[in-house]
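Written out below as C-alpha cells is the structure these notes cover.
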Amino acid sequence: MDTEDDPLLQDVWLEEEQEEEEATGETFLGAQKPGPQPGAGGQCCWRHWPLASRPPASGFWSTLGWAFTNPCCAGLVLFLGCSIPMALSAFMFLYYPPLDIDISYNAFEIRNHEASQRFDALTLALKSQFGSWGRNRRDLADFTSETLQRLISEQLQQLHLGNRSRQASRAPRVIPAASLGGPGPYRDTSAAQKPTANRSGRLRRETPPLEDLAANQSEDPRNQRLSKNGRYQPSIPPHAAVAANQSRARRGASRWDYSRAYVSANTQTHAHWRIELIFLARGDAERNIFTSERLVTIHEIERKIMDHPGFREFCWKPHEVLKDLPLGSYSYCSPPSSLMTYFFPTERGGKIYYDGMGQDLADIRGSLELAMTHPEFYWYVDEGLSADNLKSSLLRSEILFGAPLPNYYSVDDRWEEQRAKFQSFVVTYVAMLAKQSTSKVQVLYGGTDLFDYEVRRTFNNDMLLAFISSSCIAALVYILTSCSVFLSFFGIASIGLSCLVALFLYHVVFGIQYLGILNGVAAFVIVGIGVDDVFVFINTYRQATHLEDPQLRMIHTVQTAGKATFFTSLTTAAAYAANVFSQIPAVHDFGLFMSLIVSCCWLAVLVTMPAALGLWSLYLAPLESSCQTSCHQNCSRKTSLHFPGDVFAAPEQVGGSPAQGPIPYLDDDIPLLEVEEEPVSLELGDVSLVSVSPEGLQPASNTGSRGHLIVQLQELLHHWVLWSAVKSRWVIVGLFVSILILSLVFASRLRPASRAPLLFRPDTNIQVLLDLKYNLSAEGISCITCSGLFQEKPHSLQNNIRTSLEKKRRGSGVPWASRPEATLQDFPGTVYISKVKSQGHPAVYRLSLNASLPAPWQAVSPGDGEVPSFQVYRAPFGNFTKKLTACMSTVGLLQAASPSRKWMLTTLACDAKRGWKFDFSFYVATKEQQHTRKLYFAQSHKPPFHGRVCMAPPGCLLSSSPDGPTKGFFFVPSEKVPKARLSATFGFNPCVNTGCGKPAVRPLVDTGAMVFVVFGIIGVNRTRQVDNHVIGDPGSVVYDSSFDLFKEIGHLCHLCKAIAANSELVKPGGAQCLPSGYSISSFLQMLHPECKELPEPNLLPGQLSHGAVGVREGRVQWISMAFESTTYKGKSSFQTYSDYLRWESFLQQQLQALPEGSVLRRGFQTCEHWKQIFMEIVGVQSALCGLVLSLLICVAAVAVFTTHILLLLPVLLSILGIVCLVVTIMYWSGWEMGAVEAISLSILVGSSVDYCVHLVEGYLLAGENLPPHQAEDARTQRQWRTLEAVRHVGVAIVSSALTTVIATVPLFFCIIAPFAKFGKIVALNTGVSILYTLTVSTALLGIMAPSSFTRTRTSFLKALGAVLLAGALGLGACLVLLQSGYKIPLPAGASL
C-alpha cells in the first residue's frame, strides 16, 4: 500500500568497524593472563588520573587502551562514532527512496508456497484477460462470454455443416438473435418489459472481428450491454495510455453504469469510492436492529453523512436520481445504499419516492415485506433473517462517491490528484463517525481509504508510546549510572546510532523498501536490549578499581565486557535471525531488522562506551563525585547493613604510592579482586557475611560517591544470593524440578489457535469490522443499486398495492403468513387521566385514550402536580422514539372501596405474572425538544401498586426507588403549540391491502470461501523477479499449450457436476462453472451430452459468476470453475487446513479417474482463503523451527563461552525452566499458539540466556583470584565464586532486566494486538529470566559448578572441537534419517 509515513527507525552500518571487531575477537583468544602484584591496593573509581604522556607500549591492546584513555583520541572516536552513522543515514535519505510502512496483508503471504503460486497464477491470468481482479468484478468484460459463444458456434457449425468456407464460418461471429432473447426466463421477461431497450442493445452488440478483440483484450467495443433485469450496463473502454489507472476504475465499477458515464460533462457519474457502514444492535438481549428507536438513529446518522461539508462535491450522481424530485436539494446526490430508503420514503406530488430522505418512519413490517421481494435485500442483513424471522442483528449501508470530480475531464484526467483530493476529504468523516454509536446502536465504518487511514493512525499512535518508553528508560539509566548525565547521554546515543546503522543496512545493503508493521516492535525492545550492554560496560569499568593504570583498566573493561556482551548479543541476534528463514515476508523482515539492530547495537556500544568512560573518568567523574558527595552528606544516612568490605574500600596511600608500576598483563581476563581474607569457619553451609579487609584498606567515609541506590541494590542482592546459593540451595533446586515437571505438563496442553488472529484490540472499530467480514453476506460484493431508490419506481400514494410485473417475477418464495394488520394511528393522540379517591385509601388513577368518564372515575383538575391529559405519538415520530406501555390490572383491588381496575406505565412489557395486561402504548422523547414539556411517572410500592403521572416529583412520590422501568420522566408535545402536521409517509404501509407478494429466495452471497478449479494454467514464472519484498514484479503465467477446451468439454462438464454434487464441499447453488452472460450453457449442451443440465448458481441480480475463461488468438487458453465452499472463513487456520485437504484429495480422485493422456490431469484447485491459512500454519511451523535453531545456536555459543560442561548445564537447565514456565503462564492466561505467540517464543531462548551467561562470566572471573584459604574445600570455593559473581554482575543484570521490562510495558497499551501480546511475552520472559538467574542458576552453580576451573586457551579449543563434533554428528544423523525416508520439517513450511 502507498503511504506517506516517515520511517520511525533509521540505522546505518559502520562497515569500517567490522575488521576491528574481528581483530578484537581474535585477540580475546590470544591475550595472556596477568599475575597479581603483591601489595597493590584497590584504587577508588572516582580518582582523577593524570594524562598519559608516554607513548603506548607495543601491541594492539596497549594501543587500544591508550586510545580510549587519551582525551584527544577518545574525543575523536566519539566524534566519528556519531558522525559516520549520521552521514550514512543522510546519504540514505537523500539518494534512496524513502522507507514506507507496509500495512498490507501481502506482507504475510508466502509467495513460494504452492497455494500462493496457484492463486497468483490465476490472478495474473485474470488480470491479463480482464485488466482487474477482485471478488466483486462487477465489470467483468462480457466480450469474453460473447467470444466464447462465437467459438462454440464455430465448433457447432464445423460439426454439423462440415466443409464450409472461411467466410461463411466467420459469419456467426455476429451474435445470433437467439442469444439476445435466449431461452432463460430473465431474458424473456426483460424482452417483454423493455422492447425498446432490447432494440437499442441489439444495435450496440455488433462487434469487430475476433482478431481485433484478441489484439486488445482489455477493450470492449460495445457501448452498452443489457443486464438481466433490463437495465443498461455500459462497459468501460479504457484507453491504452491510461490502462493502469483505468484498471482501478474498472474494479470499482458496477453493472449499473450509464451510457454517458465517461463524457466530461457528466461529473461524478461513476461510482468509484465508498464508505462501508455496519450498524450493530446492542443494549438488550434481543439484538434486533429493526426497532423504531434504532432505525431513527441510523437514519439520523445517514443524514449527517449527507450533510457533511463537501459531500456534494464528491457524492455519486447517477442519472437515475434525476427522476427523484426530493433529491434536488442535495444536488441530486445518490443517498446511501441502505434499507433506510424503504423505512423513510418521501412524498412529493402525490407520489412515494423510496429515497430515504423522509422525516417520518414508515411501517416497519410493511417496509420489510416490500424490501424482501428483492433478492438484493439480503445483502443488507445477517444470515438469520427470513420471512418467518424478521430480525437482524446488523444492518449494512454504503455511502458512494463518484468520479470524475468537478473540473476534471474524465476519471483518468489527473487521476492521482483526484484520488488525493478524495482521500483528504473522506478522512474527515472519521471524527464524526467515531462519535455516532449509542447505547442501542454501534456504528462501524470502513472502506479501503478509511481502513488504510485507521491503520496508519493506529500505528503512528502506538509508535508514540515508544517515546514514552525511551524517556522512562533514559531516566532510569540516569539513576542507575549514579546520576551521570554524560554516561547516560552516550549510553542512549549509542543505541540510537545503532538504529541508524541497522536501518542503513536494511534499506541500502539488503535493498528492502518497506518497514513491516511488525518492525514497530523494535522501537520498544531495542532500547531495553541495548541498555543491557551499556550497563555491563559501566559496571565492569567500575568494578575494576583494583587496576591503578588507567590503560589496563580500560583494556580489562573492553575485554571482559566486550566478550560477555558479544556472546549475549550473539545469542539474542541469532534468536531473531532464526526468523529470517521464514517464508513470510513480514516475519523475515522482522527477524532481519531485529538481528541487525542487536548486532549494530553491540558494535556501537563497544566503540562508544569505552571512549565515553575514558573521558568521564578523566574530567567528569571528579565533578560528579563532589556534587554527589555534598548532596549525600546533607540528605542521606549511612546504612546499618553490613556489606562486603571491598565495595566501600578506599585506598590509603602508604609510603606515598599505592602501586609500584603497572601490573604485568598476561591474559585477556584481568583479576576482578585483590582481596585477602582470613579463614572463616563455615557451618551448615553458611558463608560469613563479613569479610576481613586486607591491610591498608578501610571503609570509605562516604558511600555517596558510588551512588546510594546502587549500593543498596548490591547489598540486597548479596543477601538474596547468600540465601539462594548457600543456605537454601537444595530447597530451590527441589522447587525448580517440581515447577519444571508441572510446566512441561501444562506447556504440552497449549493448543493451536482456534480462531483467526487478532490484528487490533478486540473492541476497536477496525477489529470488529474485520471479525464481521468473516460472517457478513457478500462481504466482497459492492451492491450499489440494491436500495429502494433503484429497486422501486415512484408510484401513487393512493395505490399501495404493488402491481409491477417486476415484483411478480420473483417466484418460488414462501408466501407471507396471514396475520391481522396492526392499525396504528397516523396522528398524535391524547392520554386522558382520571382518578377515584376513597376515604382511607390512596387515589387510583386511570389512563385512557378515550375522553369519556365512566363511573366512579372523576376528572383530574389542574394544580397540585395533577395532569388532566397530555399529547403523545402512537408511532415513532422524530425524536419521540421511547415507547411507554400502559398496563391494566384488576389484581389487589377491593371492589367495595376501590375501582375495579388500576393502571401503570412501564418501559418494558406488561408483567403478566403479576396480573398486568396490555392496554395501549405510545411514544415520547427522552430529551427535551422544542415545544415540549416534562412529565414524571411512578408506581406505588404499596398496595394496590398503582401508577401515576404528574408534573413534578413531589406529586409522584409513590416510590422511593431510583428511576427504572416503572419510574422516571419523559417529554411530550406541549398542548399550547399547534399540532404538528404529520407527513403522508408517517406509518406508511406499502403492503396494507393485498400484500407485496412473495419474499425472494435468499441468493448465494459469498459467505464461504470461493474455490476455483483451474485448467490450462501450469503455474507462475518468477525467475526474473528480485524477491526483496512482497511488492514487486508478480511474475508471468505459464499456460498449458496442449489445453483444448472442445476436446475436453465432456470431461469438464462431468467434473463440474461431480464437484457440485459433493454437499460436504460445495453449498447448494454454489457451483459457478461458466462465466456470466448470454446463456452459454444452452450452446454447450449441443456439444456434448454431459453438458446437459449443468448446475445453475443462485446469484444476486447483477452479481456476476466467478467462473471465467481466457481467450487469446482465437482460442480458449484456460478455464476456471468457481464453487462456493462450505468452509467457514471465521475458523482458525489449523481447523480450515482439514477443509483444504478434503478439497485437494477429492479433486485428485476425480482427476485420476480421467483418461491417461488427458491434459485435465494437470488441473488444480486454489482459493484466496488457502493463502491466508498457510500464512499462520507456516508462520507457526517456521517459528517453532526458529525456536529449535536458536536453541542450538545458544547451546553452541554458551558451550564455547563457558568451555566446561558443568558450567553449560546450569545455563541449559535455566533456559529450559524459563521457556517452559513462560509457555505455562501463556496456557493459564487462556492464550493459544498462533503466529504471534510462535514468533515470540522463537526469541525467548536468546533473551533468556543473557543473564545466565553474565552470571557464568562473573563466576569465571571470580576463579581467577580465588583466596588461598578458599582453595581447600570445593564446596566453599563454588559458593564463594557464586557470591562474587553476583557481586560483580548482579547490579548490571538487574538493571538490564528492569529497563527491558519498562521498555515493553508501553506495548501493553498498544491497539495493534501483535504489539501488545509481544510486549507481554517479552516482559514476562524477562521477569522469569532474572528470577531464575538469581535463584535457580545461583543454586545450580553452588551445587554442580567446577570449584577450581579457570578458562584457558586449551579449554576453549576443546569446547570448540566438541561443538564442531556435535554439529557434524547431528548433520550425519539428519542424512541418515533422510536416507531412511524420514521427512525433516523446514522453516519454510516444506520438508526435506
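Cβ atoms here come from the backbone N, Cα and C positions, even for glycine.
Both S397 and L713 are recorded by Swiss-Prot, but within differently named topological domains on opposite sides of the membrane. Taking N163, N775, N879 one by one, Swiss-Prot attaches N-linked glycosylation site to N163.
Swiss-Prot assigns the feature region 'Disordered' to one of the listed ranges (16-40, 691-715), namely 16-40. Within the set N216, N245, N1021, Swiss-Prot records N-linked glycosylation site at N1021. Note on the topological domain 'Cytoplasmic' (1313-1320): residues 462, 517-518, 520-521, 524, 757-762, 767, 1231, 1236-1237, 1239-1240, 1304-1307 of its chain, located 6 or more positions outside it, place their CB under 8 angstroms from a CB of the stretch. When Cβ-Cβ distances below 8 Å are used as the criterion, the topological domain 'Lumenal' (1342-1358) is approached by residues 29-30, 669, 725-726, 729-730, 733, 1200, 1202-1204, 1206-1207, 1209-1210, 1259-1260, 1263-1264, 1266, 1271, 1274-1275, 1277-1279, 1281-1282 of the same chain, each at least six residues removed from its ends. According to DSSP, the secondary structure content of the topological domain 'Lumenal' (1226-1291) in residues is 52 helix, 1 strand, 13 coil. Mean per-residue pLDDT, taken over the topological domain 'Cytoplasmic' (530-573), amounts to 84. Across the topological domain 'Cytoplasmic' (1313-1320), DSSP assigns 8 helix, 0 strand, 0 coil.
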